[in-house]
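According to TrEMBL:
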REGION    A:1-41  region 'Disordered'
TRANSMEM  A:59-82  transmembrane segment
TRANSMEM  A:128-150  transmembrane segment
TRANSMEM  A:157-175  transmembrane segment
DOMAIN    A:177-356  domain 'ABC transmembrane type-1'
TRANSMEM  A:181-203  transmembrane segment
TRANSMEM  A:303-323  transmembrane segment
TRANSMEM  A:329-352  transmembrane segment
TRANSMEM  A:379-399  transmembrane segment
TRANSMEM  A:462-479  transmembrane segment
TRANSMEM  A:486-505  transmembrane segment
DOMAIN    A:504-683  domain 'ABC transmembrane type-1'
TRANSMEM  A:511-530  transmembrane segment
TRANSMEM  A:622-650  transmembrane segment
TRANSMEM  A:662-679  transmembrane segment
Amino acid sequence: MSPTTTPVRDQGPPGPALTPDGSTGSGVNGRPDRRPPAAAPPRARLRALLVRHRAGRRVLPLAVVAVVLVPVAVLLPGAAAWPASLAVDLSGPLGRAGDWIIDNRDHHPLFLYFFGHVSNAVVVSVRAVYVVLLAAGWAGVTALAGLVALRLAGVRLALTCVAAFAACGLLGMWVPTMQTLALMVVAVAASVVLGALLGLAAGMSDRADRALRPVLDTMQVLPAFAYLLPMVLVFGIGVPAAVLATVVYAAPPMARLTALGLREADAGVLEAAASLGATGRQRLLTARIPLARRQLMLGVNQAVMMALSMAVIASVIGAGGLGDRVYQALASVDVGAALAAGIPIVLLAVVLDRTADAAGDRLGAAPLPPSQRRLLGRVFAGGYGWLLTVLAAVAVAAGGRMADSSLWPGSWTLPIAEPVNRAVAWMTDHLYTGVPVVGGTADWAARFTGWVLDPLRSGLQATPWWLLLALVGALGLLAGTWRTALTAVLALAAIGVLGVWVPSLDTLSQVLAAVAVTLVLGFAVAVGAARSARAQRLLRPVLDVCQTMPQFVYLIPVVALFGVGRAPAAAAAVVYALPVVVRITTEGLRAVDPAALESTRSLGATGTQQLRHVQLPLARPALLLAVNQAVVLVLAVVIIGGLVGGGALGYDVVLGLAQGDLATGLVAGAAIVCLGLVLDRVTQPAKEA
Amino acid sequence: MNAPSTGTAAVPGTDSPVFAVDGLWKVFGPRRKAVRIPESEYASLPAAELREQTGCTAAVRDVTFDVRKGEVFVVMGLSGSGKSTLVRCMTRLIEPTAGSLSIDGEDVLAMDAARLRELRRHRAAMVFQHFGLLPHRTVLDNVAYGLEIQGVSRIDRRAKAAEMVAKVGLEGLEERRPGQLSGGQQQRVGLARALAADPEVLLFDEPFSALDPLIRREMQDEVARLHHEEGRTMVFITHDLTEALRLGDRIALMRDGKIVQLGTPEEIVGSPADDYVRDFVRDVPREQVITVRSAMRPAVAGEAEHGPALAPAATVVEAIEAVARCGGPARVVDRGRCLGVVDDAGLLAVVAGLPTPDGRGVAA
């Protein structure tokens with residue numbers, strides 16, 4: 001019957017009466033076409049061209065502005081930094097507010113009846129989980145982790161899981177690992193519940209979505225460090241602040257993905273459910289939520305990874321556990337000890353990510369029929385499998401208790417700090433300087449600082465403040481709408497008003513340098529990888545691991561190689577952001593329509609021509625996204641770099657925390673938020689209006 | 001009704017209709033504006049002008065028809081003609097803007113939410129173009145989904161679902177997920193799900209458009225078989241003329257939201273109401289649709305006794321075969337009475353599209 005599927009269109013000359021309707025009909029009915037006629041006068045054509053290309057329309061006024069402003073800037077030297085008269089000194093009021101909170105924490109009703117309860121609940125639940133973990137003993141915890149992994153993902157991941165926990169014990173990090181784990185369990189549970197509720201609201205109601213979306217969007221671009229201080233202000237340094245900072249940091253992705261999943265649920269299925277007479281609640285529970293389960297699982301996965309990342313960083317505000325060990329070790333530049341605590345973090349990250357991933361994949365796949373399952377899979381299948389899993393773990397834990405070894409036996413540890421430190425010392429002696437031809441790593445760091453970071457910093461700081469504002473505004477206009485530009489300019493002005501103009505520009509210089517390096521390296525690697533399937537195969541596992549690692553961990557190898565200072569902070573940022581840039585760019589390049597590439601090839605284009613004329617232009621959205629992500633990620637790590645001598649805003653935050661000088665820290669934190677906003681807005685991948 | 005209708009005279013109204021649709025409108029657009037359009041001077045504007053002047057789109061315009069008990073009523077039209085909107089209006093998946101609509105004499109538009117759910121659960125079930133199956137459930141649970149919504153116990157609904165799965169020929173696939181099935185199999189699941197509720201009317205929204213031609217044919221046969229076995233009333237939406245002619249007892253041809261012609265396949269092909277319909281059916285092999293009833297002439301002396309006998313509903317193709325075989329005219333016999341004869345001249349006239357002996361034009 002295919003010949004008659006569209007009987008009319010194939011027959012004869014279709015007169016106006018034959019046009020089906022809609023699109024073609026409108027043209028026939030004499031509606032004027034929106035495109036300018038081909039024979040328009042040249043001036044109109046030019047204007048049409050400018051209007052049609054957003055970039056063209058925007059560049060014109062910008063060019064005019066630049067031509068006017070730059071000479072003025074040169075003629076008016078001296079007024080570079082933000083004028084003191086326009087700044088507001090907040091240290092007094094903030095300090096007083098901080099003092100007030102500290103004074104009233106114990107008896108003001110707000111703290112007594114709200115924050116106090118929240119804080120207690122957090123402490124109690126973390127304690128409870130911690131006690132359970134310790135009571136289960138190393139044998140019980142390892143067995144439970146292994147069995148859950150087995151249930152979700154199969155034997156290989158189960159073995160990886162067991163090996164990872166064993167490694168934590170071997171490195172002598174059992175107790176800190178359990179501390180981190182306990183904190184994470186509570187934080188993840190809370191952020192998943194919170195995120196799911198917010199996501200449900202945003203997924204079901206357009207109004208809630210409109211209200212929540214900008215907030216969630218903004219929260220996602222803010223560096224983790226910015227979340228710490230407000231929590232400390234209210235809860236004081238300690239576990240409650242750490243857990244709540246983690247919850248606030250990890251909930252947005254869950255909320256976003258939940259809302260996305262609910263909104264994207266197949267409309268056809270929902271309609272079918274309605275046609276069968278389902279009530280609103282039935283539709284939500286039996287169709288909409290199950291249809292969104294992949295996104296929900298992805299949200300949980302993201303929440304877990306973000307929580308781990310934050311739980312480690314939150315060591316700065318008293319989270320304890322693995323992050324604290326890294327933090328203490330980095331503070332005394334003890335790379336060996338930092339590594340001993342860093343490895344368990346990485347292992348935890350990898351295991352958690354893989355398990356959550358496998359759980360997500362399992363949701364989509366149909367279960368194998370029993371005959372095709374292996375023995376272990378068959379034993380643990382079905383609803384009883386979970387019960388069996390828990391029972392087996394309890395049995396192992398009980399066995400461990402009876403053998404009286406709930407803590408990891410001290411004789412089984414393998415102290416790596418000492419040999420690692422020896423290796424680092426050797427590196428310091430032999431690789432830092434004086435390596436023939438290439439120079440030493442410290443030389444590189446010094447050169448990067450001297451030739452790139454310093455000129456950039458002094459350049460930025462010498463630029464008049466109003467020119468920077470204008471520049472940011474122009475970039476914002478170029479990237480998005482006037483609203484984007486306004487947000488960016490206001491955020492930058494807020495930095496000036498806060499009185500942290502100079503350190504912020506210091507941070508900015510590090511970010512810009514690191515982003516430039518990241519993009520050059522990332523695009524180069526991606527272009528190479530996009531061309532060769534083998535390179536991609538090799539790259540993928542590396543990228544996978546890199547992307548799961550918490551930001552904090554990247555500081556360890558960088559400190560080992562480059563010592564402390566601004567260059568290592570930038571280097572850590574580059575290493576952290578590089579995998580994401582490579583991945584987004586590679587995927588963008590590979591997603592280019594093969595037909596377009598083929599047609600270029602058939603015209604005899606060279607590889608470079610294909611790249612320049614087809615791949616790069618078509619992958620533009622991916623490239624812009626890569627730039628945006630690079631900026632956001634680099635900023636996050638550059639700030640954390642304050643812990644290893646990066647100075648600037650990150651250092652202010654750390655200093656504020658360390659000395660209880662909340663005013664300094666809060667102002668720096670606010671500046672970080674503003675800087676994050678500025679950087680995100682001016683690199684926003686343009687949304688087609 | 002402002003659309004010409006020739007079909008109602010052909011089959012005398014026997015039962016009360018299952019669905020009675022009268023002057024139904026669906027106008028998409030800002031609600032306040034949309035409800036005023038059916039009564040306003042805009043009502044007769046062409047689609048594009050209406051959109052330009054009011055910002056509203058009239059998907060269904062003043063549509064009137066009855067669906068009789070036990071018939072397959074086909075609504076046919078090209079994409080954008082409003083047929084899918086129309087079928088959704090019938091169970092108020094899309095809320096109609098104006099007009100009246102009743103099922104078994106009960107006003108559908110006046111139903112409250114609970115009564116409407118009752119209608120959807122028990123009286124009218126729908127089969128969708130893109131199946132609308134729940135990807136995370138097995139075939140059996142998908143078929144049982146409608147019963148689950150009704151609150152049928154797990155054992156009962158699974159038993160009923162298993163029966164339906166067998167009825168549509170999917171035995172052995174009960175534990176598969178929709179993603180593991182072919183398009184045809186998925187639509188069988190959709191069909192079984194609709195049948196499971198034992199509805200009075202089945203509504204099909206282009207159910208086979210997403211399938212490839214061979215499977216489509218197979219599924220049409222399946223629907224024909226089900227209709228033959230159970231005699232369930234069906235409303236069938238399609239853009240495929242062949243499908244409409246094959247399945248439909250009566251066909252409503254829609255264009256720009258209006259019914260241009262409503263009649264039996266033979267009436268649509270044999271006497272198109274206007275040029276649009278004529279163009280539409282131009283390529284249809286007439287001899288396969290037109291019956292001998294419209295190709296016969298009165299018998300003259302002796303012809304009423306001799307020659308092969310044909311039923312009045314036999315198609316011209318069958319008559320050609322009979323005539324060619326015996327070399328003379330064939331008789332058209334209804335319950336032992338000779339209504340007339342068909343000869344080669346009359347049959348060739350049908351194939352060629354010339355006026356038939358009774359004077360009606362077959363085609364332009």
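Cβ from N, Cα, C; glycine included.
Curation plays no part in TrEMBL annotations; they are all automatic predictions.
If you count C-beta pairs under 8 angstroms between the transmembrane segment (A:128-150) and each of A:157-175, A:181-203, A:303-323, A:462-479, A:662-679, the highest count goes to A:157-175. Between the transmembrane segment (A:486-505) and the listed ranges A:157-175, A:181-203, A:303-323, A:462-479, A:662-679, the one holding the most Cβ pairs under 8 Å is A:662-679. Between the transmembrane segment (A:157-175) and the stretches A:181-203, A:329-352, A:511-530, A:622-650, A:662-679, the greatest number of Cβ pairs separated by less than 8 Å involves A:329-352. Below 8 angstroms of C-beta separation, residues 145, 149, 157, 160-161, 164, 167-168, 171-173, 176-177, 180-181, 304-305, 308, 312, 322-323, 415-421, 424, 545, 548-550, 552-553, 555-556, 559-560, 563-564, 643-644 of the same chain, each at least six residues beyond the ends of the transmembrane segment (A:329-352), sit close to that stretch. Residues 221, 223-226, 313, 316, 327, 330-331, 500, 503-504, 506-507, 510-511, 514-515, 518-519, 522-523, 551-552, 554-555, 558-559, 564-566, 568-570, 572-574, 576-577, 580-581, 584-585, 587-589, 591, 616, 668, 671-672, 675-676, 679-680, 683-686 of the same chain sit 6 or more residues outside the transmembrane segment (A:622-650) yet have a Cβ under 8 Å from a Cβ within it.
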